[in-house]
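According to TrEMBL, the domain 'CBS' annotation covers 596-662, 690-749. TrEMBL lists 67-89, 144-166, 200-219, 225-241, 253-277, 326-348, 368-387, 437-458, 464-483, 511-536, 542-559 with the feature transmembrane segment.
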Amino acid sequence: MDDHNEFQMTTSNSTEFTETVGFSGYSDFHTIDWQKDLARDRMRHRYIIKRRQNSLWELIKGAHDALSGWLCVLLVGLVTGCVAGVIDIGASWMTDLKHGICPQAFWLNREQCCWSSNETTFDAGNCSQWVTWSEIIVSAKDGFGAYIVMYFFYIFWALLFSSLAALLVKNFAPYACGSGIPEIKTILSGFIIRGYLGKWTLIIKSVGIILSVSAGLSLGKEGPMVHIASCIGNILSYLFPKYGRNEAKKREILSAAAAAGVSVAFGAPIGGVLFSLEEVSYYFPLKTLWRSFFCALIAAFILRSINPFGNEHSVLFFVEYSKPWIFVELLPFIFLGVMGGCIGTLFIKANIYWCKFRKCSKLGQYPVAEVIIVTLITAVIAFPNPYTRMNTSELIYLLFSQCGISSGDPICDYKRNFTNVNQAIEIAAAGPGVYHAIWLLILAMIVKLIMTIFTFGIKVPCGLFIPSLCLGAIMGRIVGIGMEQLAYNYSKNWIFSGECTQGDDCIQPGLYAMVGAAAVLGGVTRMTVSLVVIMFELTGGVRYIVPLMAAAMASKWVGDALGRQGIYDAHIALNGYPFLDSKDEFQHTTLAGDVMQPKRNEGLAVITQDSLTIDDIEVLLKETEHNGYPVVVSRENQYLVGFVLRKDLNLALANAKRNFDGISGQSLVIFTNTSIVQNLGPAPLKLKKILDLSPITVTDQTPMETVVDMFRKLGLRQILVTHNGRLLGVITKKDVLRHVKQMDNEDPSTILFN
């Protein structure tokens with residue numbers, strides 16, 4: 001049969017029927033067959049190329065097919081940028097709502113409300129246009145009564161926002177909780193989770209992340225932005241059948257969408273592409289790299305046009321220091337990296353322990369109550385400390401920034417004499433405000449670390465980037481202040497001489513905050529290249545790439561030495577997702593024959609090529625739950641003919657009974673081309689079209705190292721095991737995962753999706 005008949009399903013009933021069964025989808029919680037899907041796409045592409053010469057219309061259809069990938073990622077970038085802008089604006093308005101309101105225009109946040117103010121000083125938004133809740137209730141800004149009113153409203157709004165987010169997630173989209181990155185990694189590795197990237201998840205996650213960030217919980221919106229962008233990518237891919245109907249091709253759009261998610265979260269398009277490549281994607285051809293780059297660029301451009309932060313910078317934490325760093329500073333940078341690895345590992349182990357406890361205890365049955373309790377504790381502890389009370393992004397910006405003439409925060413209380421506005425900022429002794437701020441920051445760091453452990457994993461949308469950056473920034477700023485005071489007190493020492501003798505501010509604590517932030521984020525996620533790029537795009541500090549690289553490498557090495565997995569891989573393992581990490585190495589000496597199902601000398605569920613009836617096959621389908629069945633020559637002579645999928649069989653039998661006269665339960669099912677001598681019985685049913693004649697096979701003596709590599713690199717669902725051409729058994733992806741767990745002395749029953 002030529003390509004025309006092969007693809008168009010037009011010639012006869014039998015052709016139509018056999019081709020229809022070839023396009024069966026995948027069931028929920030099943031792995032996809034990359035090879036089958038990519039082969040199907042190549043066949044479709046060859047058909048389109050062949051038809052292009054026939055007419056102008058076919059030529060236009062061919063051009064549309066070639067452009068559909070670029071069109072799809074363009075749309076994903078546009079929509080992701082718009083959604084991110086809405087989320088940023090909504091989150092900043094609702095965060096400020098906890099402190100007060102703009103009476104002239106309640107929809108403006110504190111900064112926007114104060115733009116119309118003619119006052120010369122703008123200290124933390126305290127302008128006459130912005131009215132705090134204490135001014136409305138007790139007509140006072142300061143004093144005990146005002147403090148109590150502000151405390152009450154802070155807790156009230158936090159509880160209202162978080163409980164609303166938890167109720168929305170529980171009632172409308174259970175998949176909208178958490179960060180979503182572990183699940184996105186699993187989906188991109190070829191696993192089907194129906195509804196995880198659906199429209200309800202998109203809507204509830206977008207609204208929920210605004211609410212949960214505004215509640216003041218110790219979480220960020222950056223991880224969920226990847227999930228939101230992937231939902232947009234999944235929904236828009238259905239506009240293009242090339243991607244919507246082919247799961248392997250759809251993964252290319254989802255990889256580009258993940259890059260756009262990071263791009264809009266941080267204003268870091270290049271970092272987004274590298275994050276998708278290094279951390280999220282499983283299959284990343286060069287074509288996908290270009291499309292991801294384009295998608296991230298469009299998303300960043302749209303967000304920049306919306307300008308949700310209201311400043312001229314598209315980056316989140318723009319830094320203005322430009323002084324070169326001193327060679328001796330590499331030591332504290334590496335120390336920050338080591339500390340980042342330790343804090344990251346401590347966080348991962350504590351968070352996974354708490355999540356396991358939540359799963360096994362009654363706590364897991366009351367998700368909304370848990371969210372309310374965590375919010376209440378967070379709000380009660382956070383309000384008294386100004387550094388935990390403020391928005392986490394504001395705190396990171398404060399820690400990254402350089403102390404100047406107009407800096408009013410206690411962290412900039414240096415004994416400086418500013419006589420000339422244009423003079424360089426000199427290095428000076430720290431005043432009492434700095435030491436007081438350090439104690440408050442240490443308390444803030446402890447509180448944020450503990451609260452993030454309990455917050456990450458509750459049933460609201462929650463990311464991990466911003467809390468990790470905040471922990472690192474606090475640690476880095478404290479180390480930076482220490483180094484600065486060392487340089488001030490020992491400026492004549494040979495270590496600092498030549499650099500700090502001129503009186504310039506040669507040590508910049510903000511730079512240490514930046515390096516510390518990268519170190520902790522690296523310790524938690526185990527990112528390296530993408531982390532460094534995200535950090536310098538995030539801050540605009542391109543000249544500090546070497547300190548960032550040193551800290552990221554030290555953090556990664558220390559983290560890997562203390563615990564193998566990053567937070568996302570740890571949550572994949574905790575949830576039992578069937579994910580074969582392409583970065584891991586299989587170092588055991590087992591063979592394919594040791595892992596295959598069934599074990600040697602046990603019966604194997606097979607279909608013979610020409611001796612089973614429809615009734616026999618229906619009994620086999622009822623008694624077993626396999627995804628597919630090997631087809632052999634005969635029961636006695638088990639030489640392999642091919643492999644048929646369960647879903648295709650079910651569809652084929654249902655269609656045959658509905659569409660063909662003379663087909664009954666006693667009809668023979670034939671998987672060969674040879675014509676059977678017709679007896680008085682019912683007409684046979686020929687199903688050769690749904691038979692895969694080239695299943696991947698290995699011998700029983702193949703090392704498991706090779707088998708695991710085949711599963712990773714080819715994206716297989718199953719491999720058939722033979723001996724001298726005779727079929728012995730089947731190895732599925734889940735068999736491989738169970739075997740890897742057993743070899744690593746872990747519990748294989750944690751693979752939940754059996």
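Cβ atoms are placed via backbone N, Cα and C, with glycine included.
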Same-chain residues near the transmembrane segment (144-166), Cβ under 8 Å, at least 6 residues beyond its ends | 94, 97-99, 132-135, 137-138, 207-208, 211-212, 214-217, 367-368, 371-372, 374-376, 378-380, 383, 389, 458-461
For the transmembrane segment (464-483), what are the same-chain contacts with Cβ under 8 Å, counting residues 6+ beyond its ends?
-> 179, 218-223, 265-266, 329, 332, 335-336, 339-340, 343-344, 347, 387, 392-393, 395-396, 399-400, 411, 430, 434, 438, 441-442, 444-445, 448-449, 452, 455-456, 507-521, 523-525, 567
Report, as numbers and ranges, every residue of the chain located at least six residues beyond the transmembrane segment (368-387) whose Cβ falls under 8 Å of a Cβ in that stretch; write 'none' if there are none.
-> 150-151, 154-155, 158-159, 162-163, 165-167, 170, 215-218, 358, 395, 437, 440-441, 443-444, 447, 451, 454-455, 458-460, 474
State the residues, same chain only, that lie 6 or more residues beyond the ends of the transmembrane segment (511-536) and have a CB under 8 A from a CB inside it; answer 'none' if no residue qualifies.
-> 262, 266, 268, 270-272, 274-275, 277-279, 319, 321, 325, 332-333, 336-337, 339-345, 347-348, 396, 399-400, 464-465, 468-477, 479-480, 483, 542, 544-545, 547-549, 551-556, 558-560, 565-569
Examine the transmembrane segment (67-89) against the transmembrane segment (326-348) and state whether at least 3 Cβ pairs sit under 8 A, considering only residue pairs 6 or more apart.
-> no
What average pLDDT is reported by the model for the domain 'CBS' (690-749)?
-> 86
Checked against DSSP, the composition of the domain 'CBS' (690-749) is 25 helix, 18 strand, 17 coil
What parts of the chain pack near the transmembrane segment (200-219), using Cβ distances under 8 Å and only residues at least 6 beyond its ends?
-> 83, 86-87, 90-91, 94-95, 97-98, 154, 157-159, 161-162, 164-165, 168-169, 172-173, 175-177, 180, 225, 227-228, 231-232, 235, 374-375, 378-379, 382, 389, 391-392, 448, 451-452, 455-456, 460-464, 466-467
Could you tell me how many residues in the domain 'CBS' (596-662) are helical, how many are strand and how many are coil under DSSP?
-> 24 helix, 17 strand, 26 coil
